[in-house]
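So the structure is just underneath, and the comments pick up after that.
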């Protein structure tokens, strides 16, 4: 390396030139800024700086100190606790190995190595000398043999004495050679043994010195020494405090234990325990001077590990999530998930379980289950009602259904005009939707056409507000689509049906035709051996009206309709609305008890105090009995048609129940089973059962309706069945939407549309509504939905075939097959098979696909490519690589 100047060296080390010149001067070297500096001068300056800054005196010992302060709560006199600050100081010293000792060990090792090398050298020299003597002897023997050969050729005859002398000489030479060789071998063996013993002694001595050094380092533990000395000082201080006490301490019952503890202090492992027991006893003795009732406290914890699984009583409500159930059972949620997987159910930690499933899981894991109801307050409020009150006969509630052109309204007008007091004027009060009439044989309550929709809603919620259905059919028109719809609603509600054949005054009336058409829909006349009563009436002349009313009362008598007349009322909401001037208005049909003004009413999600009551004529009333429709004001909101209205005692509890229902309303909707939509029909399939696809069908004309129904019914198989629960001609109405929501059905409109009220129900109830204008499209989509219930089939299709022409080795991938695509296309993402003599020897996937050193996604027929098979290197020339893909084939009907 070339010499550098002082100025350049100052720039390299980051110092000023004057400072560096001064340091050179202090080191005894006279330099200026432009003088050159040699390597020896640099080393001399560095040694001087090290000595000046203490570089030679490297630290041989390092001490670390740590201090921590904590607070300990200790019971004091008088049962009060006091806080004691505890300061813990830790000190640890690390000692560096002595460099002199290391140098001495290194020198000794070097000397031993030199000695062993000298011995080995001596042995090698002896062996070399022996080899030289052997070579010289061999040379002499060769010369002697040559000389003897020359002598033998001479014709002179040797004497017997010469031969004997030569033989003796040869014998002596052989003995000398053997002795010299054995001596050399002994010297070599002795030298090797000496070297081996020296090496073993050195290794043993070095191991002992290293072990002694490590033990010395372990003993120099100032932390242990400090803590031991601190405990000894504390014990001494406690003993001195006891000696300075006013009264001597009386011998206690545990004196023997203390003596044993002190006696065992000298044993190994008893040092720390002795100090701890002494300190605890001294604290107890100090406390005994202040308060004799203080018992010696134990610093050991009282927790014992349970020997078996803890069996607890698990309280389970109507619904509980997996995480909540795990918390109640004091286990991890994964244990519940494992248990449910064993039971055949795949759940997540946040999935909500119903009460029965949660009970089964908890009992399976060995816990006792206590079932609770979150709506206990609701049950208490509804149970706090009438006592043992005898039920009395009540008037029947009759709903009149039928086609709007079949004289239903005229029949209602005639019944009301004939049976209501003559002083009362006006027609039917349409806004209330219900009224009652008095006959000679009893009272009858009628629900008019708006009650039709309310009836469907009530059936959807499980209420039975209607007792009897009157089906009005025009004698000259026969059965119409809305008539069939009314029959379906009556059958779905499970109520008896009375047929009123109207317009008998017309000359073209044909009641037998009506009976024949109704019999095709399951409504059979009593004259034909059926169970349905047929009455011929005329709303224009009044013929047959009395027979109809008598038939209604007779059917009611057969049904034995009874209700409690006295006490707290209960009923059902027929219809409701929001009036601008009066607020929420609900029409309630009282089913039992007596509803009075001022009662607290709990109605579905709403509640309130009855501020006013009106009858069907709009007159204010103060009470209403069973089977009486009444209009009430004062609710907190508009209830839904079909909600149960119940009178309760406490308004505060009614408000709590209403708020609870409102909170649970969303949960109930989310927990409800998924509806039978076309997209998730397969998810709703249950094994071993015949699936049904419920459909509410509406079409524009009767011919299209019949054709669609026949085609859909023909699609039914042993596994999937089409169930058309309602059909008709005309637009989709609110009644159809409510029926579809109640039956988990699909609404299908063929060249028709839904009105505003129906769309509102569809949106609120999440009903699947579909429109079609081509009959084949409708049938195909329903067939696809039914096919979705069948398990799909999977088929493997070969998309490409490549022949291996050559095999190359790659350090990264392994064996690379140089192939020619003979059929189809080779794709990188598709699985492959390796064929040898048309036998599959490997099935896997491609690791690389290249063409001209470029990665490609596919290679077509007739092209060459390089293929790397993943995790397989036994590719040979002549093999075939087959590329295939799995295709899912949906089953069709």
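Glycine is treated like the rest: Cβ placed from N, Cα and C.
The model shown is predicted, which means the values in this text are computed figures rather than measured ones.
Between the stretches 444-447, 448-451, 452-455, Swiss-Prot puts its region 'G3' entry on 448-451. Checking Swiss-Prot for region 'G4' across the ranges 498-501, 502-505, 506-509 points to 502-505. Between the stretches 422-426, 427-431, 432-436, 437-441, Swiss-Prot puts its region 'G2' entry on 427-431. In the three-state DSSP scheme, residue 504 (GTP binding site) falls into the coil class. Taking DSSP states H, G and I as helix and E and B as strand, the region 'G1' (402-409) has 2 helix, 1 strand, 5 coil.
Of all Cβ atoms in the shown protein chains, 23 besides its own fall within 10 Å of the Cβ of residue 408 (GTP binding site). Here the Cβ of residue 402 (GTP binding site) has 26 other Cβ atoms within 10 Å, regardless of which shown protein chain they belong to.
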